[in-house]
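Peer 1: Let me begin by handing over the structure; questions about it come next.
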Amino acid sequence: MEQRVQLRVGTMETISNEGDVDREQVLETFGIENETGKETNGSRSFDVGYSSGDTLETLPKASKVDISPADVLKTLFFILVWYTFSTFLTLYNKTLLGDDLGKFPAPLLMNTIHFSIQAVLSKMITWYWSGRFQPDVTISWRDYFVRVVPTALGTAMDINLSNESLVFISVTFATMCKSAAPIFLLLFAFAFRLESPSLKLFGIISVISAGVLLTVAKETEFEFWGFVFVMLAAVMSGFRWCMTQVLLQKETFGLKNPFIFMSCVAPVMAIATGLLSLLLDPWSEFRDNKYFDSGAHFARTCFLMLFGGALAFCMVLTEYVLVSVTSAVTVTIAGVVKEAVTIVVAVFYFHDEFTWLKGVGLMIIMVGVSLFNWYKYDKLQKGHKTEEEKQLQAPSQTGKYVILDEMDDQENSP
């Protein structure tokens, strides 16, 4: 009897004989079915058939699936849109929060309003187009509190700490320090078993770390608390993007759509930040502050908050779309390039100091991230071969998964 094994492609995940999962970048599982030519959840699929009399050498040779130019252009478009919204949002935050600029007295209140706008807009969109955005599965309460809530809290802390750091330090200095996010993303990826530690990755981490240290060295306007806040934000950034990738790309959670995901995390972010605002923001000083001391000023403040919330909604939505169609690693790599763009804009807009030492540090960071990008691309092209992947399931047993590139290598070997 001929068995047919259907593999869903576009993602990469293998299951070892011991049941451990070796995740490349994404966590979607392969599907085994007895049908052919079926579209599964919008993913392309193809069949590799073998009969009980086939040996490894007689298995049909699989062809590689290349990334289409349309996919590349779509990704580049979303990255460009993300750059635009992010740059404007950074300028907005610094202009409003800077100690020597707008000096808005309540950064946490501002973020609470922004998160609330994101929650309301995403809920309205998923409700109005409920037929389109209705998830196939409903996330369990256990997964909600164990996975969604920590992701939301990590995202809220990332944004709150980043904005708080802008009160004390320049956009250029904050951006360079925040460029350390890939280091923490890798560390969390190791912890969550999304990546396997290797000498190459530790070397890349060392290069990026050296670049960050050079940007901090001889900083003429060094503010300790600003530095602490922005580095904690980098830690939270690594955590939240690892968790975001898990939630967006694992089908069992039913959060693959960015609008559904945002409608789940944004309310938690708004509530948590609102509680912090009640505790930490100087509410007693609002009446005498230039943002709230008259009706006209209060109306202007409301408009500023709504404008910032719309910018934040568009930027975060673009981030989630990028992660859902690519990976957290892609977003982080594109994010570091975005930081370079932000630095250039800040130097011209805010006249931030940019020394040759900072320039060298920035170049080293870019080299480190480029090396990481090359490492991931090379790994995806060649396939990460392990001993478990090299063992082929006997035909009489229930189906195991076989990496197609590895089948090519074994087929061509003596």
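Every residue gets a Cβ built from N, Cα and C, even glycine.
Keep in mind that this is a model prediction, so the values were computed, not measured.
I grabbed these lines from Swiss-Prot:
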TRANSMEM  72-92  transmembrane segment
TRANSMEM  101-121  transmembrane segment
DOMAIN    106-216  domain 'EamA'
TRANSMEM  172-192  transmembrane segment
TRANSMEM  197-217  transmembrane segment
TRANSMEM  224-244  transmembrane segment
TRANSMEM  259-279  transmembrane segment
TRANSMEM  303-323  transmembrane segment
TRANSMEM  328-348  transmembrane segment
TRANSMEM  354-374  transmembrane segment
Peer 1: Would you mind listing the long-range same-chain contacts of the transmembrane segment (354-374), meaning Cβ under 8 Å and 6+ residues beyond its ends?
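Peer 2: Counting only partners 6 or more residues beyond its ends, the transmembrane segment (354-374) has Cβ contacts under 8 Å with 172, 176, 179, 182, 186, 201, 203-205, 207-208, 210-215, 217-218, 329, 332-333, 336-337, 340, 343, 347.
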Peer 1: I need to check the long-range neighbours of the transmembrane segment (72-92): which residues 6 or more away from its ends have a CB within less than 8 Å of a CB in the stretch?
Peer 2: 171, 175, 307-308, 311-312, 314-315, 318-319, 321-322, 325-326, 330, 334, 338, 341-342, 345-346, 349
Peer 1: Report the mean pLDDT of the predicted model across the domain 'EamA' (106-216), rounded to a whole number.
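Peer 2: Reported value for the domain 'EamA' (106-216) is a mean pLDDT of 86.
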